[in-house]
Amino acid sequence: MATDSNRLGDTTATETATRLVHRNINNTNSTVSNGEVTNLEKHAEDLMQWKRHAERIKSKVLDQIQGQLSDLLDKALTESVQTFTQNGNHGNNYVTRDGTVTTTNNNDHSHRTHTEKDGKVFMDRRSILDDLFEINHIRTIYHMFISVLFLFIISTLAVDYIDQGRLVLEFDLLSYAFGKLHIVALAWLLMFSYTLAVPYYALALWGTLYHRSPVQGVLSVGAGLVLSVLQAVVLGILPVYVVFHYQLPPASRFIIILEQIRFLMKSYSFIRENVPVILKHKTKEGEGPRGEGPRGEGPRGEGPRGEGPRGEGPRGEGPRGEGPRFPTFSSYLYFLFAPTLIYRESYPRNPHIRWNYVGVTFAKILGCLFYGYFILVRLCIPVFMNDSNTPFSTRTLVLALFHATLPGMLLLLLAFFAFLHCWLNAFAEMLCFADRMFYKDWWNSTSFANYYRTWNVVVHDWLYYYGYRDFLWLSRRKFRTAAMLSVFAVSALVHEYVFTLGFGFFYPVMFCLFAFFGVAFNFTLNDKRKSPVWNIMMWTCLFIGQGVMVCLYCQEWYAQIHCPRTGDSFWELVTPRSWSCSN
């Protein structure tokens, strides 16, 4: 449809130009015959103006048509999925890139399609940047960022040659930040092994005993307490102990803490999605608890693309009237590596792996690491290392803040591109995971409410379905504002927890930005703001916010070095050293 609209715009512009050409040819013949050369030049200039005018009209018409067509197609796609589900087709349904719905059914097993009413819908779709990079204009902007990286490298080599008389390209900051990786690997392996085995088999054992036990409530509470204690010890205390006991450097700390949070969110999603199914349906007599067939009949079969075959009953059930099919161990293992925090027994899959795409994507991640290194070395460290000897004042803070806005924004864009696009797409490609909507066009947001929804779709989905919607369900949909505020509070606390353990000091900059300014912007700069002016406001606030974070955290980092703590009192631990350090 977009192609037709382009063809229509081209035809209109061509016909207009043709009529103008014929008219000007006639006028030109008349003019030449009379010897008026100046009129010929005037008509040629008019012709060019009309062509430019037609091109402008064409561009405006195409933009308007494409925007309307996109909205109509999105609406039609959503309505088709909901209608398809409501008509009673309860197979394994996926919406593919061409807009069709794929269904897998089997007489032995079943799976219920998840609509937005029931949960997240997984579709076969690409990441937005992969589509945008196919446009020459967007790819040129990407090339400009790469050229800036080369400029950083050249400037670093030039400065080192002037200062030391030789070409030096050392990456001592990277080697320091990612130090002690063997400890990180061991800690990750322990957390992964626990998350792989304990939640799965604990749920399987509880699911087997629940409907046979005369004291179901006591069994459930006891199992929940035991699992909570194990989660708190292995996924709660152990990572924090490793971080502080081995005095890990910053990047290694962030790896452990972020993986700790990821495993907690993954295991919670797995339990949250499967417990309601077990509570509602009794296990079939003679049926194993781990997604196996009746005992003695071999393992559960597999359908297309590694998916388990499905039946016609609700999700997790066997054929109608029979008990639930417990998730297979392979589906849970796949989920632990899949780039999503919402558990499903199967996902839409691609038919093959593009290893060239994987290699190029990991190369981009490596490039982003070096890009961040040069930003810190060239734009941040020289400034804030010298400012650490200056007493804290309003003037010092303001100057440092505005100096940090550009590197702060560059670091934000690098983090987005490296993780939300490259890292998640690389793992999605290796796992043939077809739903690549890890983010949306957050850069076009005219409100912070839309920015929060589109910046990180992976985490937003988890917070929305397990935080916001569950809170509404518990409160019987009476406290929507409280549900939203609770999500902001959890997000602010987790972000502050990550930064506190990652940097090794408490400075609640991230918490204040999320809990106070984030909430205020969410209600004031809401979805009612549609003018492009509000997009400018959103970007301005992002620049300032990133400048504040880079400025304050860098100042505190060097203040902790030059003015170490002299005691272990509570106020000594929570008071920023940059407020009083002047050495």
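Numbers here mean position along the shown chain, with the first residue as 1.
Including glycine, each Cβ sits where the backbone N, Cα and C put it.
According to TrEMBL, the active site annotation covers His495. Using a 10 Å radius centred on the Cβ of His495 (active site) and all shown protein chains, the other Cβ atoms total 17.
Per TrEMBL, compositional bias 'Polar residues' is recorded for 87-107.
Among the features that TrEMBL reports, compositional bias 'Basic and acidic residues' is placed at 284-323.
Marked as region 'Disordered' by TrEMBL: 87-116 (among others).
The region 'Disordered' annotation in TrEMBL covers 282-323 (among others).
Per TrEMBL, the feature transmembrane segment maps to 141-162 (among others). Residues 133, 168-169, 367, 370-371, 374-375, 377-378 of the same chain lie 6 or more positions beyond the ends of the transmembrane segment (141-162) yet place their CB under 8 Å from a CB of it.
Sequence annotations record features per position, and here TrEMBL assigns transmembrane segment to 182-206 (among others). Listed by sequence, the residues of this chain that lie at least six past the ends of the transmembrane segment (182-206) yet keep a Cβ under 8 A from its Cβ atoms are 219-220, 223, 226-227, 230-231, 234-235, 238-239, 242, 246, 248, 252, 255-256, 259-260, 263, 266-267, 270-271, 274-275, 278, 289-290, 326-327, 329, 332-333, 336.
Residues 183, 187, 190-191, 194-195, 198-199, 202, 205-206, 209-210, 253, 256-257, 259-260, 263-264, 267, 271, 501 of the same chain lie 6 or more positions beyond the ends of the transmembrane segment (218-244) yet place their CB under 8 Å from a CB of it. If you look up TrEMBL, you'll see 218-244 (among others) marked as transmembrane segment.
Listed as Cβ neighbours of the transmembrane segment (326-343) (distance under 8 Å, sequence separation of 6 or more from its ends, same chain) are residues 119-120, 122, 192, 195-196, 200, 203-204, 207, 262-263, 265-266, 269-270, 272-274, 278, 288-291, 300, 306, 308, 316, 424-425, 427-428, 431, 433, 435, 438, 458-459, 461-462, 465. The transmembrane segment annotation in TrEMBL covers 326-343 (among others).
TrEMBL lists 355-376 (among others) with the feature transmembrane segment.
Annotation source TrEMBL lists transmembrane segment at 396-420 (among others).
Annotation comment: TrEMBL describes 479-499 (among others) as transmembrane segment. Remote same-chain residues near the transmembrane segment (479-499) are listed as 254, 257-258, 261, 463-464, 467-468, 471-472, 507-511, 514-515, 518-519, 522, 553 (criterion: CB distance under 8 Å, separation of at least six residues from the stretch ends).
Per TrEMBL, the feature transmembrane segment maps to 505-525 (among others).
For the transmembrane segment (537-558), the list of distant contacts is 380, 384-385, 387-388, 397, 400-409, 411-412, 445-448, 451, 499, 503, 505, 507, 509-510, 513, 517, 521, 525, 576-578: same-chain residues at least six beyond its ends, Cβ to Cβ under 8 Å. Residues or ranges marked as transmembrane segment by TrEMBL: 537-558 (among others).
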Legend entry - Same-chain residues near the transmembrane segment (355-376), Cβ under 8 Å, at least 6 residues beyond its ends: 146, 149, 152-153, 156, 171, 173-174, 407, 410-411, 414, 417-418, 422-423, 425-426, 429-430
